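Engineer: According to Swiss-Prot, the protein carries these features:
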ACT_SITE  ASP50  active site
ACT_SITE  GLU122  active site
BINDING   GLU46, ASP119, GLU122  Mg(2+) binding site
DOMAIN    10-133  domain 'RNase III'
DOMAIN    161-230  domain 'DRBM'
Amino acid sequence: MTKHQFKLSDPRLLSRIGYQFKQPELLQLALTHRSVSHKYNYERLEFLGDSLLGMIIANYLYHAYPHENEGRLTRMRATLVRQEALGKIATDLQLSRCLILSTGELKSGGHHRESILADTVEAIIGAIYLDSSDLNLLKDIVLKWYTPYLDHIEPTDQLKDPKSRLQEYLQARKKPLPVYEVVDIQGDAPHQHFKVECLVDGLSKIHGEGASRRFAEQAAAAEILKLLEQ
């Protein structure tokens, strides 16, 4: 079994995505960067996924904000589909450790590059659609990925990451700020995997994992927000 096959069959990856592929080769293609192959890579899937994502988010905003004008809806959509937002989705899905990159791209830190992570999210969207041929299913999956962000976006807001939102949540309630601590690092650079512990007053310690300390902290903050906002 190759390293890439292991990743594709990893139930944790499929669980995070929220979809079981009938054609796993589509997921492999969605994770394959152009540096590996000029012909067999995610770029065509990214093209498809970009259009599908724009439609899904536009449809959501149209129905969720019936009184907003076209200009504000356009700005909200742009906020939700821009590279930074997709990078956050990729962090939540822990895609950085699953990317299929050339040795050179990997050594240069490509698995942390926001543009590559964002492209991969769009490619996975395209792959799910081709595998399922079910637009409603795809919509449900994508909106589930976006739940932490859709619950907070307003027509005049910019998308905020989980750490920023958690800090604002606690400050608004005059509570101590969260404390983050790295409790485990596995592997050697650039293949390290971090586990971070986050402590918030009144809650049990919550852990987050990721391919960098920043990603792990964001994952932990996202989990705490889910508990606080229940």
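Backbone N, Cα and C atoms are what each Cβ position is placed from, and that goes for glycine too.
Help me see these features in their spatial surroundings.
Structural biologist: On its own chain, ASP50 (active site) has VAL81, GLU122 as residues at least 6 apart in sequence with a Cβ closer than 8 Å to its own Cβ.
GLU122 (active site) falls within a helix when secondary structure is assigned with DSSP. In the shown protein chains, 25 other C-beta atoms lie within 10 A of the C-beta of GLU122 (active site).
Long-range Cβ neighbours of ASP119 (Mg(2+) binding site) (same chain, at least 6 residues apart, Cβ-Cβ under 8 Å): TYR42, GLU43, GLU46.
Note on the domain 'RNase III' (10-133): its mean pLDDT in the predicted model is 92.
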Engineer: Cβ within 8 Å of the Mg(2+) site's Cβ centroid: which residues qualify beyond GLU46, ASP119, GLU122?
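Structural biologist: Neighbours found: TYR42, GLU43, LEU45, PHE47, GLY49, ASP50, ALA118, THR120, VAL121, ALA123, GLY126.
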Engineer: Using DSSP, what's the helix, strand and coil tally for the domain 'RNase III' (10-133)?
Structural biologist: 89 helix, 2 strand, 33 coil
